[in-house]
Amino acid sequence: MESNAPDDDRSRNLNDFDEPNLDETQESRLLGGRKEKNVDLGRKICATILAAAFVVGVITLIIQIDSRNQTDSSHDNNNGLIASINRKAIPRIQHQPDNYTQALRKALMFFNAQRSGPLPKHNNVSWRGNSGMKDGFIGTNLVGGFYDGGDAIKFNFPQSFAMTMLSWSVIEYSAKYKAAGELNHVKEIIKWGSDYLLKTFDSSADTIDRIYAQVGTGDTSDGSDTPNDHYCWMRPEDMDYPRPVYECHSCSDLAAEMAAALASASIVFKDNKKYSKKLVHGAETLYKFARDRRGRYSAGGAEASIFYNSTSYWDEFLWGATWLYYATGNTSYLERATSRVLAKHAGAFSGGPSYGVLSWDNKLAGSQVLLTRLRLFLSPGYPYEDMLSTFHNQTNYIMCAYLPVFSDFKRTKGGLIQLNRGAPQPLQFVVNAAFLATLYADYLDASGIPGFYCGRNFYSAKVLHDFAKTQIDYILGKNPRKMSYMVGFGQNYPKHVHHRGASIPKNKIKYSCDGGWEWKITKKPNPNTIVGAMVGGPDKYDGFRDVRTNYNYTEPTLAGNAGLVAALVALSGNKGKAATTIDIETMFTKVHLSSQMVPGPGPWKP
């Protein structure tokens, strides 16, 4: 995220938050297998018994064919997506992918465009090349990872959150990724990020005393013209200015978020036992560091406070412990995740303007949904039931707050929920809410619970799907401006994205630090299309300026796009009875609850 460069006074530290609206979206239809055949015997029909027998035979054959086809159609419509993957290879009509699946495929391309380091041959972004090949310092190799947004800075904090969100979506919806042909792609993206995070601390050690938190710098608040990642407008491949490395020795929030990223990735790669074990070890080392060396990574005047200021580390403690419990099955992490004291410090009982808003800075809502999952499907009971039931109630409250019938969050006239209370760059918060709402609705469906209460009013799980659809549909173009805020989707999308690599032509000319500014200020569209990038988004009046110099409108980020991918895969696929919902089991691969535990909640009763 840009900040403080000329025309770029900005911070990613947005502390305000806003709400949703319901539009109808046509649900995907499974085409039946019915075939109609007309047999015209003409006016001249032989009256012979042989001809009559022939006619009867033809009609009988048609009825049998039609019956078979209807049986196939019924079979298709009553099996989920997972079952459909393993069906017999029989000829069938190829269906056009729904909008969410098409958008998902494009959204994942954004991460290819953000890669740093030596690019794989199949990266499939023609205007990108190897970059940041000297990142780190003597004896420390920090090559790789992802650039954050329109700049070339690598921030561990939002990058870790992005990887956690992608891993969570894969754990829940791997069958949908597979059906879209993107499972290997998204796993490769997660591994690219995980491999880099493992480089930023001593991942082989049991105890560490530092984390390399950031590569590159962007502070220009003092008016300095010293070349850095924000003052200069250069392609990442052409960077020739110093890229300092920032390390932290007291950064609980960063370490716990990194632990969540590696722990969740270990579940994604559970079949690669050696790599999964390495990820778990790194996660546990990081979480121990987080507990032993208390402090915010952005405190004390750290440059990160300008761009990604962390307001607390308690929510990361809760988030990291929850993911480590799922990754290891170690109940000590569950004990910590269900600690009332920790929940209180994380803001679980205090409300506030950002309550229920999942973001790179606040993971409380995500943790509450994750722990509600445990209660719904496994019901561990005593001694965890007290806080799990509390988190379950709080999750219901959050879902109620998303609904347009309540006033917790305002909406634009076009229907976009204002989760950040009208502040710039709203879409990154909207997509996270859409993911949580769809996921929770799928949890309810899978557990046989028809809905949830908001006070005395009962709502079906479907209203959460409807909320998510209207928000994602708004982003994809169903808004007052008829503008798709995801680049490359539809015909009308931002053409002046605030992104150095996309805005400078790949013409074998190396533009200097300030020489590249001509490409920032030009009114011409970007020469390179950064497919799948979700920009910051419209203002609270549904207004949008497709201007490269205004990052609030036109800059994409890793964290925002990870939430978009998660929401898209959750909504993708068929939405009838045959729709695949979630993978219940994979999250619980390592979880082995004691048979002595007191049962949790009984069956749902209206």
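Note: Cβ is positioned from N, Cα and C throughout, glycine not excepted.
The structure displayed is predicted, hence computed values, not measured ones.
The annotation active site is assigned in TrEMBL to HIS498 (among others).
What TrEMBL records for ASP546 (among others) is active site. Other C-beta atoms found within 10 angstroms of the C-beta of ASP546 (active site) number 17, with every protein chain shown included.
There are 26 other Cβ atoms within 10 Å of the Cβ belonging to GLU555 (active site). Residues annotated as active site in TrEMBL: GLU555 (among others).
Per TrEMBL, the feature compositional bias 'Acidic residues' maps to 16-25.
The feature domain 'Glycoside hydrolase family 9' is assigned by TrEMBL to 100-568.
Here TrEMBL flags 1-30 as region 'Disordered'.
TrEMBL lists 45-65 with the feature transmembrane segment.
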Margin query: Let me check the 10 A CB neighbour count of HIS498 (active site). How many other CB atoms are there?
Written below: 28
Note to self: Return only the integer: C-alpha distance in Å from HIS498 (active site) to GLU555 (active site).
What the structure shows: 5
Check: Roughly how many Å separate the Cα of GLU555 (active site) from that of ASP546 (active site), to the nearest whole number?
Finding: 10
